[in-house]
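Notes to accompany the following structure.
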Amino acid sequence: MSTAPSPGTTPSPSPPSPPTNSTTTTPPPAASSPPPTTTPSSPPPSPSTNSTSPPPSSPLPPSLPPPSPPGSLTPPLPQPSPSAPITPSPPSPTTPSNPRSPPSPNQGPPNTPSGSTPRTPSNTKPSPPSDSSDGLSTGVVVGIAIGGVAILVILTLICLLCKKKRRRRHDDEAAYYVPPPPPSGPKAGGPYGGQQQYWQQQNASRPSDNHVVTSLPPPKPPSPPRKPPPPPPPPAFMSSSGGSDYSDLPVLPPPSPGLVLGFSKSTFTYEELSRATNGFSEANLLGQGGFGYVHKGILPSGKEVAVKQLKAGSGQGEREFQAEVEIISRVHHRHLVSLIGYCMAGVQRLLVYEFVPNNNLEFHLHGKGRPTMEWSTRLKIALGSAKGLSYLHEDCNPKIIHRDIKASNILIDFKFEAKVADFGLAKIASDTNTHVSTRVMGTFGYLAPEYAASGKLTEKSDVFSFGVVLLELITGRRPVDANNVYVDDSLVDWARPLLNRASEEGDFEGLADSKMGNEYDREEMARMVACAAACVRHSARRRPRMSQIVRALEGNVSLSDLNEGMRPGHSNVYSSYGGSTDYDTSQYNDDMIKFRKMALGTQEYGTTGEYSNPTSDYGLYPSGSSSEGQATREMEMGKIKKTGQGYSGPSL
């Protein structure tokens, strides 16, 4: 090989160039190069260097596949000791220079162990090896970095999934709602639960690489990738519910199995309600009426409820049942009876209400042998029920018209707070239609004149009925007196002249309940009298809104505001002949006489003399004192219907 002499000539220039490379690339080789700089002066060793140089070329290819040797390079770098030149020389130093000369690989292995060569190769070719070592180290570092990142991602996902699984288990075990066990089951094993568990197992099997685990501890600090848990939204949905709609119901966090009709109340099976009411036994019967029965029940959780069971052949049926459920699902107010759940099983339709334990206004005001109700209690009940109706009319969207306001539909708790009940006859009136013509359903004695005659339905019809309730609280009388069948005056017509005198002269004699004596606040009495007079006006458009009634009863508004639109000096607005009306007065009187004779002339009265069954409920309870011959009737299309075993409301 003639090439041997040429290297002999070149060695002198080569030494300066390599040092520059070595210094630029890696500091460790540079440290080893200074001592050998003195050796290049001797040419004889150079041939040996040539012989040695080709052999290392063979280590080049073998050194590439195993990444382990580079690991050995890193430890020697920190060691400044003279032993360092020995370690770098064997594998890596010759990597860049030898790729061009592959023919000498065979001789490489035997020559590498030679101990004489280490000096010269380190001097002549340390710089190129440094470059190659850089290439190897960077590739390895990149690979390690990528592997570490992948491991981090997998491990964080596994940790998040494990936490999520634990949380889900805890939530499922913490579910406290007892009544509908079947619905709660689907939650735990529902679409969200099953998919999540499968997903967790799938991801858990993913991290099978063993070497990856070694880098696990360092990556843990970068736990910020918490954002990858978008899958958890399903459990959040389960916890909420509610919402629905009782956004009510934010207070009620129980599960929302009953989304069938679009609200977050609870569904019950017929068997559950049958067990709760002891088979709908007579002992648990709270009342009955034209549309069905009301039974008291106790849920497995111990909560008392009132179960309203609709009669199969009643006018309410499926259509009105679904309308009622849809309406009540949007209502939540302290002065309105709350719906707890419902049941639809075949032809069976049941509603589950909260149980209000202290009966109703009719029982406490007109019940036989009941103590006289104090004035402060009467005012409290009037104000509470007015707030409940105001909520229905003005705070619900669309507004809700009750259509059957009466004393037996105002339930009383032990604190004598009023709760308006029975939305079975309620209807929704959209803002686009100012009135809705429907079947006439209401209780005789409370019907607004325009409603009883034509079926025109507005929220002002409820205002009229509430005015009748106020007159009951003021006078202690019933809406209709069945004992005087041929007397034309109802409670409203009898009270009109007295309301006129009381509003002008402040004289409540003959109007206020004589059983109270004079134990009432005259200013509060004046406010209630003014409200009652305004509510029972013939003209529906001249009746105030329920929110105005609330403010007037609270004393937060002038009583003159109740007379908006009335001509000054026309005090006869309270009389039967005041001003122009939307409903002809003579026609009103004729209709009332006709309705009254139909109601009282077709009913037979018992003589038991005791107040029948204590409670009324949700508009379905038969209440009445037979000795006084009460006669309240459910009306439909002007036809009076008997309700059997009593009468579905107050009368007389």
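Here the Cβ of each residue, glycine as well, is placed from N, Cα and C on the backbone.
Among the features that Swiss-Prot reports, N-linked glycosylation site is placed at ASN21 (among others).
The N-linked glycosylation site annotation in Swiss-Prot covers ASN50 (among others) and is backed by sequence analysis.
The compositional bias 'Low complexity' annotation in Swiss-Prot covers 113-137.
What Swiss-Prot lists as phosphothreonine is THR269 (among others). Cβ contacts within 10 Å of THR269 (phosphothreonine), excluding its own Cβ and spanning all protein chains shown: 16.
Annotation comment: Swiss-Prot describes 280-559 as domain 'Protein kinase', evidence class sequence analysis.
Residues or ranges marked as ATP binding site in Swiss-Prot: LEU286, GLY287, GLN288, GLY289, GLY290, PHE291, GLY292, TYR293, VAL294, LYS308. A sphere of 10 angstroms centred on the C-beta of GLN288 (ATP binding site) encloses 22 other C-beta atoms.
Here Swiss-Prot flags TYR353 (among others) as phosphotyrosine.
Annotation source Swiss-Prot lists active site, proton acceptor at ASP404. Its Cβ placed at the centre, ASP404 (active site, proton acceptor) has 24 other Cβ atoms within 10 Å.
If you draw a 10 Å sphere around the CB of SER408 (phosphoserine), it holds 33 other CB atoms from the protein chains shown. Sequence annotations record features per position, and here Swiss-Prot assigns phosphoserine to SER408 (among others).
Marked as phosphoserine by Swiss-Prot: SER437 (among others).
Marked as phosphothreonine by Swiss-Prot on the basis of similarity to another entry: THR438 (among others).
Feature annotation from Swiss-Prot assigns phosphothreonine to THR443 (among others). For THR443 (phosphothreonine), other Cβ atoms within 10 Å of its Cβ number 30.
Cβ neighbour count for TYR451 (phosphotyrosine) (all protein chains, 10 Å cutoff from its Cβ): 25. In the three-state DSSP reading, TYR451 (phosphotyrosine) counts as helix. Summarising the annotation, Swiss-Prot assigns phosphotyrosine to TYR451 (among others).
Summarising the environment of VAL294 (ATP binding site), the number of other Cβ atoms within 10 Å of its Cβ, over all protein chains shown, is 29. Within the model, the domain 'Protein kinase' (280-559) carries an average pLDDT of 86. If you take the Cα of GLY292 (ATP binding site) and the Cα of TYR353 (phosphotyrosine), they are about 14 angstrom apart, rounded to a whole number. Between the CA atoms of GLN288 (ATP binding site) and SER408 (phosphoserine) there is a gap of 12 Å. Annotated pair VAL294 (ATP binding site) and TYR353 (phosphotyrosine), C-alpha to C-alpha distance, rounded: 10 Å. For THR443 (phosphothreonine), the spatially nearest entry among the recorded positions THR269, LEU286, TYR353, SER408 is SER408, judged by CA separation.
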